[in-house]
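Per TrEMBL, active site is recorded for B:7, B:68, B:141. Feature annotation from TrEMBL assigns Mg(2+) 1 binding site to B:7, B:141. According to TrEMBL, the feature Mg(2+) 2 binding site maps to B:68.
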């Protein structure tokens, strides 16, 4: 199973591709960050994110896209940008018939560290260990994207298979329900 | 000047096209609503909104797109969906090099009724009068989209011309600043 994890953001959108199945060692296929200039207008920033995500989808052909579920507890201004960047990532995936899964930050932390309240350093350390990397991926957004992909591979493999079948079936009929 | 107004929403996305210049009678070119089923998954809903907005852009070729600026004072769940739908509308416009303007609900109300705290009925009544329609457009999202377009035509015509020149110039260079 090949999963693209996306940690959405307007300034830095973390992206990471992980391959593997639950219960086996996982492999990092690629990691990076899609950046947009803070002084560009919002429409152009969203276009740049779309182009970046499209490149990652073209190059790595993931079977699933896992996006961080956005909450609005945090800074209001940041959250709106995060919601908008996540919309672009979901749109790019859904347009291709790739199923999209949303995972909360605490689900991701719990999956890779065992604790839903782990800090960035702990998540980075576990991603490094689980993917057998030489050093933690930087910036933190890139590590978080890999953690999302790992979380997705480990959570409910049966549900993933069902979701994929439904998404492929309904790719051209937006009425379909896949989540 | 031809403007597409978009009142963003996941369930109902109001769209309205108005043509005219400040100080002259305005004309309604089209009005409608892009709907997505509440039981579809989020990715597919965003794809349906993209398809709907693309159809309106193809059919009416607006020179500007005016989108309601989303705030997060309101219901948290609704606001995230609104932010995501607005991201898709902005993306569609910016991809074509059409400048996108954001107007707050109170700017729109003040523009068409003279009061930033006007209610839905008052906005609907003024839209009906200003566009010389037989009856208020329904649903309210459609009337709000027309009000957004009117607001955009009336606010800062000089700024609009500058914005359009910059947007056309930078359409293929996402670093450009147009707002």
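Each residue, glycine too, has its Cβ placed from N, Cα and C.
Fair warning: this is a prediction, and the values are worked out from it, not measured in the lab.
All features noted in TrEMBL, drawn onto the structure.
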| residue | record | DSSP class |
| --- | --- | --- |
| B:7 | active site | strand |
| B:68 | active site | strand |
| B:141 | Mg(2+) 1 binding site | helix |
Inter-residue C-alpha distance, residue B:68 (active site) and residue B:7 (active site) (nearest angstrom):
6
Those recorded positions listed as B:7, B:68, B:141, and which of them has the most Cβ atoms within 10 Å of its own Cβ:
B:7
Whole-number Å only: compute the distance from the Cα of residue B:7 (active site) to the Cα of residue B:141 (Mg(2+) 1 binding site).
6
